[in-house]
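Peer 1: One structure is given below, represented as structure tokens, and several questions about it will come after.
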Amino acid sequence: MGNHIKQQFQKVFQQESEGVFFSPGRINLIGEHTDYNGGNVFPASLTMGTYGVARRRDDQEIHVYSENIPETGVLTFSLDDLDYKADDNWANYPKGMIRYIIEKNYHIPVGMDIYFYGNIPNGAGLSSSASIELLTGVIVRDLFDLSIEMLDLVLLGKKVENEFIGVNSGIMDQFAIGMGEKDHALLLDCQTLEYEKVPVHLDGYVIAIMNTNKRRALADSKYNERRGECEAALAILQKEKAVDSLGALDNEAFHQLAPLLQEQPNLLKRARHAVSENQRTLEATAALKENDLLTFGRLLNDSHRSLKEDYEVTGKELDTIVAAAQAQPGVIGARMTGAGFGGCAIAIVPENTYNQFVENVGRQYQKEIGYEASFYQAKIGDGAKRLS
Ligand code: GLA
């Protein structure tokens, strides 16, 4: 991979490159829509991701090219004007990142050329945008020798998403992509940012990623709507009890307060998901640590049900693929992963029947939905870093 993209860099920019970088995509094992509710998440970085090849320029310009989106050609902007522009398309992600690094008072004396190539399926909810943000972060840090911590790059990536792009997302994606480690998932408390690396050993099982190939249309506006509903629910509960976030409540405490939301059934459902999902995340992590895969799998199934019934972010495609996966012999659990409204689901599948699983679920999905799903075996790799 390294050599191919180095050669491509040279073709596009007519110069030798200075370094090759990689930034993963992510899956979330459990803990969905809990990050912005001050709860826990349990994601892992993938070996799939975005590669970047870069070199410094001797002027103030930044030239970026993506092998995945050749139709936009080389997009150009300048260190002197790092405002969001719709015409800059995907280049707004690297642009926003560079802008916020500079606003943090790090010195970027000259511009750069960057060649991007990603093998994360686009729009599938595996965080290709956070992958580009963190990739840009490690490239800039390395090229200009900035002493900026990975956690700061993670926070700046989130800021790009929230303030530059306008999606009100939480910290999970950038955190998983920046801090991930091979063969580990991260149990992250999104309120305190304390985290723990938990080894993922699934004796005899693999994690299947199932892409519904349903584009996440309207996902951003629905996402922001859910977030607003959770904030509204919290505000009502706060009239009765001093509580910082929905993530601070356990099921029992929530049960006591739930009558306050009686008149707003939607808010009740959204909050119930946020609270119960957070509890499931803690239980699932404990189960995985104890190698209790059956409990882990059951909690994955429960998570999907809650996302379907209470949070209402699944939709026909995700529900169909997850139900088909859950019905396969030997599968211990399946659920949607990421924001929902299309995108991907995951399943824990016996290694020796993986091919059969793909065939069966694929066939059933095609029959019910009318187009194909795609499947990948998830491999957990390192977070964003320089490769050579
Ligand atoms: C998206 C967001 C994350 C998180 C998930 C849902 O991936 O970017 O911050 O909220 O959805 O868990």
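Glycine too: its Cβ is placed from the backbone N, Cα and C atoms.
Look at TrEMBL and you will find Asp173 tagged as active site, proton acceptor. For Glu32, His33, Thr34, Asp35, Tyr223, the entry in TrEMBL reads substrate binding site. What TrEMBL lists as ATP binding site is Ser66, Gly123, Ala124, Gly125, Leu126, Ser127, Ser128, Ser129. The Mg(2+) binding site annotation in TrEMBL covers Ser129, Glu161. The domain 'Galactokinase N-terminal' annotation in TrEMBL covers 7-56. Residues annotated as domain 'GHMP kinase N-terminal' in TrEMBL: 92-180. Residues or ranges marked as domain 'GHMP kinase C-terminal' by TrEMBL: 286-365. Residues annotated as site 'Transition state stabilizer' in TrEMBL: Arg26.
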Peer 1: Cβ distance under 8 Å to Ser129 (ATP binding site), same chain, sequence separation 6 or more: which residues?
Peer 2: Tyr93, Glu161, Ile165, Asp173
Peer 1: Quick one: of Glu32, His33, Tyr223, which binding-site residues lie within 10 angstroms of Ser128 (ATP binding site), measuring between C-alpha atoms? Sequence order, please.
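Peer 2: Those close enough: none at all.
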Peer 1: If you measure every Cα to Cα pair among Ser66, Gly123, Ala124, Gly125, Leu126, Ser127, Ser128, Ser129, the residues listed for ATP, what is the largest value in Å?
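Peer 2: Roughly 19 Å, rounded to the nearest whole number.
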Peer 1: So, by DSSP, how many helix, strand and coil residues make up the domain 'GHMP kinase N-terminal' (92-180)?
Peer 2: 52 helix, 7 strand, 30 coil
Peer 1: With the substrate site defined by Glu32, His33, Thr34, Asp35, Tyr223, which remaining residues of that chain have Cβ atoms positioned within 8 Å of the Cβ centroid?
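Peer 2: Neighbours within 8 Å of the Cβ centroid, excluding Glu32, His33, Thr34, Asp35, Tyr223: Gly31, Tyr36, Asn37, Val41, Gly170, Met172, Arg226, Ala274, Glu277, Ala339.
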Peer 1: Minimum Cβ neighbour count within 10 Å among the binding-site residues Ala124, Leu126: which residue?
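Peer 2: Result for the binding-site residues Ala124, Leu126: minimum number of other Cβ atoms within 10 Å at Ala124.
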Peer 1: Among His33, Asp35, Ser129, which binding-site residues lie by ligand 1, judged by Cβ under 6 Å to any atom?
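Peer 2: Among His33, Asp35, Ser129, near ligand 1: His33, Asp35.
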